[in-house]
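Structure first, commentary second.
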Amino acid sequence: MSFKDLRSFIDHLETNGELKRISHPVDPHLEMTEIADRVLRAKGPALLFENPVGNDMPVLANLFGTPKRVAMALGKEDPLALRDVGELLAFLKEPEPPRGFKDAISKIPMFKQALNMPPKTVRNPPCQQVVKTGDEVDLTKLPIQHCWPGDVAPLVTWGLTITKGPRQKRQNLGIYRQQLLGRDKLIMRWLDHRGGALDFKDFKEKHPGERYPVVVALGADPVTILGAVTPVPDAMSEYAFAGLLRGERTEVCKALSCDLEVPATSEIILEGYIDPDEMAEEGPYGDHTGYYNETDSFPVFTVTHITHRKDAIYHSTYTGRPPDEPAMLGVALNEVFVPILRKQYPEIIDFYLPPEGCSYRMAVISIRKQYPGHAKRVMMGAWSFLRQFMYTKFIVVVDEDVNCRDWNDVIWAITTRMDPKRDTVMIENTPIDYLDFASPVAGLGSKMGMDATNKWEGETDREWGTPIVMDEAVKQKVDAIWDDLGIDDAPTL
């Protein structure tokens, strides 16, 4: 099942008990965050605040607050089904020619999906039903959340920032938070390695001193939103990838002020430009780490046009100590990464990014070990293969008999199969998340790899322990007589 716009997804969630309408007045200043946070931690529904204090525009929150709703947005019921998305991405990153007629037939579904890649341009799009320019442009009239007490100002959080570099054929979609600075001003907080910042850098080099056109879409259809947070190949537009996932071409329209294309069914569109000479101090803001981040200088986005649907809905979120909505997205997208990594490293059994580790700062990988030093090879590969893992500080590698998603198993492996000196890899002066204040230098720090696998000859001279495992026949016999023993609540093994 695919959703043409955000509203059809909202209706689907409500029909299935996954969305709650809140008619009681709720203030976007702090109150929405507290309510959304409590509901998310209780694994509750998406929330539609119909009566935000000081505004008549409804606010949608917690849309992707559970992995199940992320899967539902892609027309699936089980987050594990998102591995199909990973299989598609693995194919797109490194397509292989068919090995014969039968293999060619098996690849037909993927080639058929590829036909849905080019976006479809439409006229009279819903996102331009209402047009505001000049003095009508007033960002303060949007119900922008002020998430935490220490935040310096309200913050646009779920905007899809649309850019295009002079050397690129495709447009880039990225999600960068934007601090409200004034009636027509936002601070565009994109880090140097992100697609929007790279496009802007290329533009400045080719067109020094000129204004850079930028568009921000709020409330796009759910597949396009998720396409913007998925590791799409660099040469592919997120619009094209969204078309693949949806099974239908992404509908776009031309922005009114520039040649950029925007999702046609979006709720709200902000059009404008960045002057390369206009910068502003951004922050502090509460972030997904659970701390307020440092302030820094970023470009100012000047909004010249606001267009929106009639009766528009404002899509918002908050970030804080996990679990938060980005952490839940991370849990779901974890399943996307597994097939991509397996294509490069078939020995990988499973891969886990614990949400409490800020969804990317720690990874646990289980492998089918085949030779001495194998765990270290996998560590190095994981750090370097995907850009998403360049900021992962800790990697633990375990054997296939260890459930890498069960901390009881992982801690057991670390404490029984590791020597701290022999089995720890330390690498200094590597890229680190800018928000990681624990690193000695902003953006530069160390990484630790832990080999918690059984050691082979060449890795140890000692006789290695054999795990204790009960005889399977005995277990089956005890299963058969358990009800006769009078012991309640048999543990699940």
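Using N, Cα and C of the backbone, Cβ positions are placed for all residues, glycine too.
Taken verbatim from Swiss-Prot:
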type: BINDING; residues: Asn172, Glu238; note: Mn(2+) binding site
type: BINDING; residues: Ile175, Tyr176, Arg177, Arg189, Trp190, Leu191, Arg194, Gly195; note: prenylated FMN binding site
type: ACT_SITE; residues: Asp287; note: active site, proton donor
Other CB atoms within 10 A, centred on Tyr176 (prenylated FMN binding site): 23
Neighbour count (Cβ, 10 Å) for Gly195 (prenylated FMN binding site): 22
Most crowded position, judged by CB atoms within 10 A, among Arg177, Arg189, Arg194 as binding-site residues: Arg177
Protein Cβ atoms within 10 Å of Asn172 (Mn(2+) binding site), excluding its own: 21
8 Å Cβ shell about Ile175, Tyr176, Arg177, Arg189, Trp190, Leu191, Arg194, Gly195 centroid, prenylated FMN site members excluded: Thr161, Gly174, Met188, Gly196, Ala197
Densest Cβ neighbourhood among Ile175, Leu191 (binding-site residues), 10 Å radius: Ile175
Cα separation, Asn172 (Mn(2+) binding site) to Gly195 (prenylated FMN binding site) (Å, whole number): 6
Candidates Glu238, Asp287: member of the recorded positions with the richest Cβ shell (10 Å): Glu238
C-beta crowding around Trp190 (prenylated FMN binding site), within 10 angstroms: 22
Cα-Cα distance maximum in Å, computed over every pair in Ile175, Tyr176, Arg177, Arg189, Trp190, Leu191, Arg194, Gly195 that the record assigns to prenylated FMN: 14
Euclidean distance between Cα atoms of Tyr176 (prenylated FMN binding site) and Glu238 (Mn(2+) binding site), Å: 15
Cα proximity to Asp287 (active site, proton donor), best match among binding-site residues Asn172, Ile175, Arg177, Arg189: Arg177
Where Arg177 (prenylated FMN binding site) sits in the secondary structure, as DSSP reduces it to three classes: coil
